[in-house]
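Student: Below are the features I grabbed from Swiss-Prot:
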- 33-53: transmembrane segment (TRANSMEM)
- 77-98: transmembrane segment (TRANSMEM)
- His83, His182: heme b b562 binding site (BINDING)
- His97, His196: heme b b566 binding site (BINDING)
- 113-133: transmembrane segment (TRANSMEM)
- 178-198: transmembrane segment (TRANSMEM)
- His201: ubiquinone binding site (BINDING)
- 226-246: transmembrane segment (TRANSMEM)
- 288-308: transmembrane segment (TRANSMEM)
- 320-340: transmembrane segment (TRANSMEM)
- 347-367: transmembrane segment (TRANSMEM)
Amino acid sequence: MTNIRKTHPLLKIINSSFVDLPAPSSLSSWWNFGSLLAACLAVQILTGLFLAMHYTSDTATAFDSVAHICRDVNYGWTLRYLHANGASMFFICLYLHVGRGLYYGSYTYSETWNVGILLLFAVMATAFMGYVLPWGQMSFWGATVITNLLSAIPYIGTDLVQWIWGGFSVDKATLTRFFAFHFLLPFIVSALVMVHLLFLHETGSNNPTGIPSDPDMIPFHPYYTIKDILGFLIMLTALSALVLFSPDLLGDPDNYTPANPLNTPPHIKPEWYFLFAYAILRSIPNKLGGVLALVMSILILAIVPMLHISKQRSMMFRPLSQCLFWLLVAVLLTLTWIGGQPVEYPYVIIGQVASVLYFLIFLVFMPLVSAMENYLLKW
């Protein structure tokens, strides 16, 4: 008798995606982050759903409703901190996942890569709107500053900002629509994840060597399911430790002060996972230039496949490119640090140097070094 998982219309889709899927035998732990991201998304949707049952998206009650969740709802504090710190875990996994794609040349699967960039933008938008919902000082001023950036768009900028706000400032209408979109977007992200997987399974997985692995494939289950479960356990242990021991480690103390339009915090800054982009934005003295640099800091990933001129796909056997990659990581960490510092000497100049380096590595150094490696290998 044929196994039901191979004949049932629904089960055979799951079977071909997670059970009998042929996978390269050499995948390292860097390939765990896809499944970890799926786990993060599931945790975020579940905790978010339960939080939404108690949250009110009204400027008069939003802050108090979050306090009520933490104080009066059974395990409300756990839900709230799982959701807040789950977002941090989500972005850690996201950035490592993208870094893996850059290092091992996975971006040559252009459809999968482009859907991945769309996913990155969607998750960033979701996280930004979620940060506004507790209606603390940093929520309000973060929303004001970031939405105001759209006013740099010529001709339609000011109208666009007022249209997004639903008035002449960030107020009740803004909070209500941000809650609506924050609730909706994770489901759109889930749909995009399906498309991401669909494109991935069209080509099959890349592997650390970057060479075709057709002659050496193994079934996804049990080999990689067990590996993924270990990844889940490690991530959930880290998340639980963060939630139970220092839930406010990655948050901003200013967000425990209710939003006050008459009092600006001394340093307005976003959550830590946006600081690198915020530093790039601040390093350009022109408003429109800053906004373009901010968008390009992520969108530059879309042109990475076009700039790939190396004869080898992965960086595994390209030591010069490896040095550049780790320089890029160092630059990103520097930008993250600068984004959290006040706008004064020497932070401004460090941020500007790091921003220029960030774009130079992608646009100039990577192609140059690839060409040099090709020449050294006489290709």
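Backbone N, Cα and C define each Cβ position, glycine as well.
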Student: Which residue, of the binding-site residues His83, His97, His196, His201, has its CB surrounded by the fewest other CB atoms within 10 A?
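Tutor: With the binding-site residues His83, His97, His196, His201, fewest surrounding Cβ atoms within 10 Å: His201.
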Student: Is the transmembrane segment (226-246) close to the transmembrane segment (77-98), in the sense of at least 3 CB pairs under 8 angstroms with a sequence gap of 6 or more?
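Tutor: In contact, yes.
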Student: Pairs 6 or more apart in sequence, C-beta under 8 angstroms, 3 or more of them: is that satisfied by the transmembrane segment (113-133) and the transmembrane segment (320-340)?
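Tutor: Checked: the transmembrane segment (113-133) vs the transmembrane segment (320-340), no contact.
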Student: Report, as a single number, how many Cβ atoms besides its own are within 10 Å of the Cβ of His182 (heme b b562 binding site).
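Tutor: Its Cβ shell of radius 10 Å holds 21 other Cβ atoms.
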Student: Can you tell me which of the binding-site residues His97, His196, His201 is spatially closest to His182 (heme b b562 binding site)? Compare CA atoms only.
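Tutor: Nearest candidate: His196.
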Student: In which DSSP state, out of helix, strand and coil, do we find His182 (heme b b562 binding site)?
Tutor: helix
